[in-house]
Amino acid sequence: MEDILLVIDIGNTNIVLGIFKDDELIFEWRISTDLHKTSDEYALTLRQALEYSNVKKSDVKEAIIGSVVPNLMPTIPKAVKKYLGIEPLIVDEKIKTGIVNKYASPKEVGVDRIINAVSACKKYSTPVIIVDIGTAITFDYITENKEYLGGAIAPGIAISSEALFMKTAKLPKIEIEMPDSVIGDSTVKSMQSGVVFGFIGLIDYIIEKILEEKDKTKDEVTIIATGGFSYLIAKQSKYITIIDKLITLDGLKIINDLNKND
């Protein structure tokens, strides 16, 4: 019999499930976030994922959930309890994290940002800037003393691209991919250029302003990217040196370990 930890990261676009055996992430699944699914449907999805990976449900001893989608709480915790028979730990502003939340109103911070901050402080040297390039783009700064100061939030790449399509009469829906040239020779290529290179510029400028405000050089700060579009955008950045797509799942594991005996 194994001691397995289930971690669930509920995002606006996707839900990511991970299975940890000891300190190793052995399986990861990504499903679409669906507000209309019932707890029974999510329980069936969980069952399929575990069976596909040959993980016995009796081996899953712990579960932890971090969510930025309030409407799926308590749907997914209920699914975990129904299928696995365990009460999942929920990440909120009261949970032990090992960092100091210096946000003006700590409960306002998205738990994904705190989870990422916890993970970054454990895995990398501080101070650190985390850029999460997902549905929204978040920037977070954590000091040498593991103080979470906050950061910036910008609209995401997909949201912005969708807005061009929805709010104009003639602009088409486009695939988000790296264009061959900044100067697009078609409407689609021009839009791809504006969206992709525009966001590279946005990300680098905000990082630059954070460094300036904290009186740091880029060599004095660990600068990490994560999120669905991190591989597309971060490789073109002048400042980002690490791409860590598992930072949130690792953070959930770290927080679970911190709260195990509470």
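For all residues, glycine too, the Cβ spot is worked out from N, Cα and C.
Remember, predicted model here, so these are calculated numbers, not experimental data.
As recorded in Swiss-Prot, the features of this protein are as follows:
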ACT_SITE  Asp112  active site, proton acceptor
BINDING   Asp9, Ile10, Gly11, Asn12, Thr13, Asn14, Ile15, Val16, Thr135  ATP binding site
BINDING   Tyr103, Gly110, Val111, Asp112, Arg113, Thr187  substrate binding site
BINDING   Asp132  K(+) binding site
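Neighbour density at the Cβ, taken as the number of other Cβ atoms within 10 Å, is lowest among the binding-site residues Thr13, Thr135, Thr187 for Thr187.
Under the DSSP three-state reduction, Asp132 (K(+) binding site) is assigned to strand. According to DSSP, Ile15 (ATP binding site) is assigned to a strand segment. For Val111 (substrate binding site), other Cβ atoms within 10 Å of its Cβ number 24. Those same-chain residues not listed among Asp9, Ile10, Gly11, Asn12, Thr13, Asn14, Ile15, Val16, Thr135 yet with C-beta within 8 angstroms of the centroid of the ATP site C-beta atoms are Thr33, Val68, Val69, Gly134. Measuring Cα to Cα from Asp132 (K(+) binding site), the binding-site residues that fall within 10 Å are Arg113, out of Ile15, Val111, Arg113.
Between Asp9 (ATP binding site) and Thr187 (substrate binding site), the C-alpha separation comes to 36 Å. Here Gly110 (substrate binding site) comes close to Val68, Thr138: these same-chain residues lie at least six apart in sequence, with C-beta atoms under 8 angstroms from its C-beta.
According to DSSP, Val111 (substrate binding site) sits within a helical segment. Of all the binding-site residues listed here (Gly11, Thr13, Ile15, Thr135), Gly11 has the Cα closest to the Cα of Val111 (substrate binding site).
All protein chains included, Asp132 (K(+) binding site) registers 27 other Cβ atoms within 10 Å of its own Cβ. Long-range Cβ neighbours of Gly11 (ATP binding site) (same chain, at least 6 residues apart, Cβ-Cβ under 8 Å): Thr33, Val68, Val69, Asp112, Gly134, Thr135.
Put simply, Arg113 is the one of the binding-site residues Tyr103, Arg113, Thr187 whose Cα lies nearest to the Cα of Thr13 (ATP binding site).
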